[in-house]
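Trainee: The structure under discussion is supplied below as structure tokens; questions concerning it will follow.
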């Protein structure tokens with residue numbers, strides 16, 4: 001027995017040296033790998049600019065990033081010399097808000113690290129040297145609050161006060177600056193001239209008001225003095241979005257099959273096949289893949305045309321949009337209606353149409369409620385399942401505790417034979433395993449949140465940040481600590497039993513549990529000291545884009561790339577703000593929680609935040625773009641979570657001070673006031689900044705000089721319905737594209753008649769081949785990368801608002817409906833469900849919901865589809881960046897013309913006075929005589945009170961624009 005006790009004692013002695021060794025080895029390894037990765041990035045960047053600098057070629061307007069040198073460190077000067085005013089114009093306010101949050105974090109943790117490391121570490125070390133025996137301490141524990149007692153604890157309390165005040169000051173400064181930036185964004189030409197900026201969204205419209213005239217009646221009942229220039233009620237589109245997505249997915253499959261078959265400049269020996277039907281690769285029927293996808297493509301194309309030709313007969317949805325004459329009018333109206341529900345509706349500022357998740361907009365309230373219930377259950381189940389990898393991480397992080405029991409023999413022999421490798425593994429594995437599992441977590445949460453009915457990507461990002469941050473704090477900090485407490489308590493019981501203690505003695509030793517809790521969460525600071533170097537490496541690894549480079553090389557060499565793949569991969573990728581923000585928030589929470597307890601953690605956080613600040617600035621300047629500009633809308637979400645992290649820090653300080661004397665004294669009360677201060681500060685921020693941040697508040701002069709749009713022009717140009725109509729009404733169908741060098745081989749692939757046509761595009765010629773009604777566009781080698789002009793058109797906001805549906809179809813490109821990235825795309829499972837039956841003759845497909853009296857089959861397998869003939873004019877315009885023409889059919893642009901506009905009831909100007917000149921003599925109520933000089937215009941008892949729309953010094957008449 002004595003031998004076992006001695007073995008346990010020696011293991012404990014070694015553990016005090018192994019924890020610092022594990023932390024040191026992790027820091028050295030991650031630092032070394034990070035330096036090598038940065039050198040690799042410097043070597044690869046000049047030779048792979050399409051990967052590392054795509055925004056140099058693809059940018060909107062004159063928003064090109066600064067010039068960057070090809071020298072070894074040529075990417076650093078632009079980061080040093082490009083300041084915030086230029087960044088706002090170049091990369092947008094969303095990216096600037098992200099960088100500003102990083103700036104707040106790096107300077108805050110720099111100050112915290114100086115305070116804690118400069119003040120608390122000397123106090124902790126001196127106390128340990130004076131009062132703690134050498135056998136009970138190590139270099140890491142000496143720097144923490146673990147063994148400190150007495151009056152010196154008030155130094156930690158004082159530092160927690162200073163940290164709180166420092167954060168409050170920095171948050172106020174940056175909040176104030178963000179409100180100024182947002183106000184400037186509201187006044188920018190890009191925002192002022194956008195249609196969505198002067199548009200309101202109305203949801204939960206009752207059934208009897210689901211029409212354009214019904215929306216006007218709702219507006220009339222609230223006596224809104226700012227008349228609507230146009231209204232538009234949403235229309236049901238059925239399964240048209242799914243069908244379009246299915247068509248485009250079929251195009252991709254056909255392109256992949258053709259590229260693989262014709263790889264190497266000649267057809268392969270055997271034609272590709274596909275198994276239709278069956279399960280798990282068994283059963284079903286094998287068919288020629290090229291013929292299969294070709295026939296399926298033609299039939300789905302015909303179905304899209306049929307749906308679009310009949311879409312004007314569909315029923316209305318429960319949402320709509322209202323455009324006003326000027327941007328200030330929309331913001332004033334939205335602000336006053338924010339707490340009102342006229343006729344049970346909800347009226348708010350309309351989001352950017354590219355930000356809308358259309359599949360959720362069209363769902364009923366009952367369907368969303370059902371999906372939310374199911375989504376919450378799945379979220380709970382997923383969080384519970386995530387405890388399994390968390391348990392594995394906790395085991396790896398507490399290897400010393402298991403080894404100290406003496407009952408896991410191989411750990412003892414491993415430590416004796418190679419303490420260095422044991423230290424490396426115990427330092428590297430826990431954060432690595434945690435990182436692998438956490439990588440998938442936010443993506444699953446994002447999918448679940450979208451499934452639960454989020455109507456916009458911006459709202460989706462806010463929900464993901466809130467849920468992901470809460471999950472990380474609860475699981476990675478609270479539950480992880482509790483698991484550590486259980487492990488250490490069990491290890492202590494095992495040690496007591498090993499020493500021959502009785503059961504009564506072992507049970508009495510449980511009164512040390514508060515001390516075990518205190519020691520456990522402070523000892524776990526060593527885990528976070530291993531975790532932060534891993535986070536720093538991942539930041540640098542993301543800069544080097546190694547995975548992207550390797551994947552593109554593998555895809556090109558092994559499978560070959562279609563022209564569409566190349567065009568999509570050469571464009572700048574969308575930056576994932578929700579995931580990046582959540583990771584930064586969690587780092588801030590960890591750094592804050594351990595700042596007064598283990599100062600080295602705050603130092604590690606400061607270093608990683610400085611690294612992240614430089615890396616993310618480069619990526620946002622040269623690599624990534626914002627999916628949709630929201631003007632830094634996520635800022636308040638981040639600040640709220642940051643303030644919550646400070647409250648968690650103070651609660652942990654309360655627990656630490658209380659556990660030192662088992663809450664027998666009232667010392668812990670001295671740590672409570674900062675919590676109350678943070679709550680008061682949060683209320684102050686909300687009242688001072690919230691409305692200014694959310695809404696455009698014009699001055700008297702700005703209201704007088706506001707750019708006013710004519711209602712007649714809005715109605716005549718169908719601006720609102722073109723911009724806010726469901727994307728499936730005008731989304732382009734993909735045209736199969738093939739490398740130009742492979743086009744001569746098509747005669748060996750298809751045995752039918754092949755016609756070829758050419759069209760001059762400037763000085764170049766684009767070739768198109770028609771095969772049995774299928775159009776395949778040739779893409780030359782120098783045209784493989786996406787056209788920067790088309791990219792500017794698709795990203796530009798002003799062009800969007802000026803285009804009609806015909807312009808959209810003629811000039812459109814495939815990036816609008818990229819599979820799995822489309823704003824109206826259903827899940828892949830739903831998109832493909834049931835459509836494989838198109839090619840089956842038995843049983844026939846069910847008929848779609850078309851116009852009354854229309855009995856045309858959706859896609860009858862034996863249907864002879866002549867969608868290029870005159871019997872049914874086609875509405876499909878193919879425009880994947882290449883011009884499609886035909887020698888055997890009329891030109892789509894010359895003879896077919898624009899696709900038929902859905903024949904909705906024509907919107908009329910809001911009946912607030914004379915329609916054409918209502919700006920000169922506005923009348924809130926056409927039934928009531930209106931005196932424009934009355935002090936209180938309108939009967940505001942019937943609705944929310946608006947500023948009077950009449951000639952006055954406060955609300956003058958803005959100049960008119962348009963007919």
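Placed from the backbone N, Cα and C atoms, the Cβ positions cover glycine too.
Where the annotation comes from TrEMBL, it is an automatic prediction and has not been curated.
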Trainee: Look up transmembrane segment in TrEMBL and report which of 463-487, 488-512, 563-587 it refers to.
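Mentor: Per TrEMBL, the stretch marked transmembrane segment is 463-487.
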Trainee: Please identify the range among 65-85, 86-106, 107-127 that TrEMBL labels transmembrane segment.
Mentor: 107-127
Trainee: Six or more residues out from either end of the transmembrane segment (376-399), which same-chain residues have a Cβ under 8 Å from its Cβ atoms?
Mentor: 411, 422, 426, 429-430, 433-434, 437, 441, 444-445, 448, 452, 467, 471, 475-476, 479-480, 483-484, 487-488, 524, 527
Trainee: Please give the sequence-distant neighbours of the transmembrane segment (463-487): residues at least 6 beyond its ends with Cβ less than 8 Å from one of its Cβ atoms.
Mentor: 379, 383, 386-387, 390-391, 393-395, 397-398, 401-402, 434, 438, 441-442, 445-446, 449, 454, 513, 516-517, 520-521, 523-524, 578-579, 581-582, 585-586, 589-590, 593, 634, 637-638, 641, 648
Trainee: Taking all residues of the coiled coil (290-317) together, what is their mean pLDDT?
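Mentor: Across the residues of the coiled coil (290-317) the model's pLDDT averages 83 on the 0 to 100 scale.
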Trainee: May I ask for the residues of the chain that lie six or more residues beyond the transmembrane segment (639-659) and have a Cβ under 8 Å from a Cβ within it?
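Mentor: Same-chain contacts beyond the flanks: 145, 153, 156-157, 160, 163-164, 167, 171, 175, 465-466, 469, 473, 514-515, 517-518, 521-522, 585, 588-589, 592-593, 595-597, 667-668, 670-672, 674-675, 678-679, 681-682, 685.
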Trainee: Sequence-remote contacts (6 or more beyond its ends) of the transmembrane segment (536-554), Cβ cut-off under 8 Å?
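Mentor: For the transmembrane segment (536-554), the far contacts come to 30-31, 33-34, 37-38, 40-41, 44, 48, 51-52, 435, 561, 569, 607-608, 611-612, 615-616, 618-619, 623.
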Trainee: Please give the sequence-distant neighbours of the transmembrane segment (600-618): residues at least 6 beyond its ends with Cβ less than 8 Å from one of its Cβ atoms.
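Mentor: That would be 75, 79, 98-99, 102-103, 105-106, 109-110, 112-113, 116-117, 121, 140, 143, 525, 528-529, 532-533, 535-536, 539-540, 542-543, 580, 584, 587-588, 590-592, 594.
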